[in-house]
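Database features, via Swiss-Prot:
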type    : residues                                                                     : note
BINDING : THR91, THR92, GLU110, PHE111, ASP137, ALA138, ASP157, VAL158, ALA159, GLN160 : S-adenosyl-L-methionine binding site
Amino acid sequence: MSIEVVDVRPHERHYGVYVVRFEDGTERIATKNLTPGKRVYGERLIKWGGDEYREWNPYRSKLAAAIVNGLKLVPIREGTHMLYLGAASGTTPSHISDIVGEKGLIYSVEFSPRVFREFMEKLVDQGRRNVVPILGDARFPYQYAHYIKGVDVVYIDVAQPAQAKILADNADYFLKPGGYVMLVIKAMSIDVTAPATETFKQEINTLKERGYEILETVHLEPYDTAHAMVIARKK
């Protein structure tokens, strides 16, 4: 038996994010579905006030986890152009697609051909025209530079060592002046022997050395262990 929705309201801080309240008192975040009637990863669809919303699961999306954990700055709005490195099968990009809308654009880079096919099936083939899929290796931005114009945000979520370096290298190519970077640090992908806090410091220092001001850092527990989200901007 499904739990009835009693209210949907805009999130107090984040554009394009909504808070859904259920009759049992629980609340979940959601985005307004750009392609009504279609799911991407089995998420709950919620109808309210003539609109359809997609529940945004923090156990499936690190950006959702950061928002639920109190992230204050999400530099994504309607019309934002973004480079997303490590698009995987499209869970988080799909919600960003909802937020940026038809005027926005998400260049989505994924390395694995198998996962890339899933991304195509779940997002592009279902009519999300603001998503540009790119099969490529985020370590080598010159390989896909001809596909991408300047972007407002570079976001990275890859299971690679040197995550901050990869992010900064891509930002050097594509980030507009005044733009933001969003770094998901996966500590265990960098050094399984070091404490996660030390790995976080190491990656943050890399961004600082590349000229970035760190605006915010949020840890993602309990949704993801040994993960953190960092928001930064070029000085």
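Cβ from N, Cα, C; glycine included.
Keep in mind it's a predicted model, so treat the numbers as computed, not measured.
Where Swiss-Prot records a feature, it is marked here on the structure.
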| residue | record | CB count, 10 Å |
| --- | --- | --- |
| THR91 | S-adenosyl-L-methionine binding site | 22 |
| GLU110 | S-adenosyl-L-methionine binding site | 27 |
| ASP137 | S-adenosyl-L-methionine binding site | 15 |
| ASP157 | S-adenosyl-L-methionine binding site | 24 |
| ALA159 | S-adenosyl-L-methionine binding site | 12 |
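Look at THR91 (S-adenosyl-L-methionine binding site): DSSP puts it in a helix. Spread of the S-adenosyl-L-methionine binding residues is 19 Å (greatest Cα-Cα distance among THR91, THR92, GLU110, PHE111, ASP137, ALA138, ASP157, VAL158, ALA159, GLN160).
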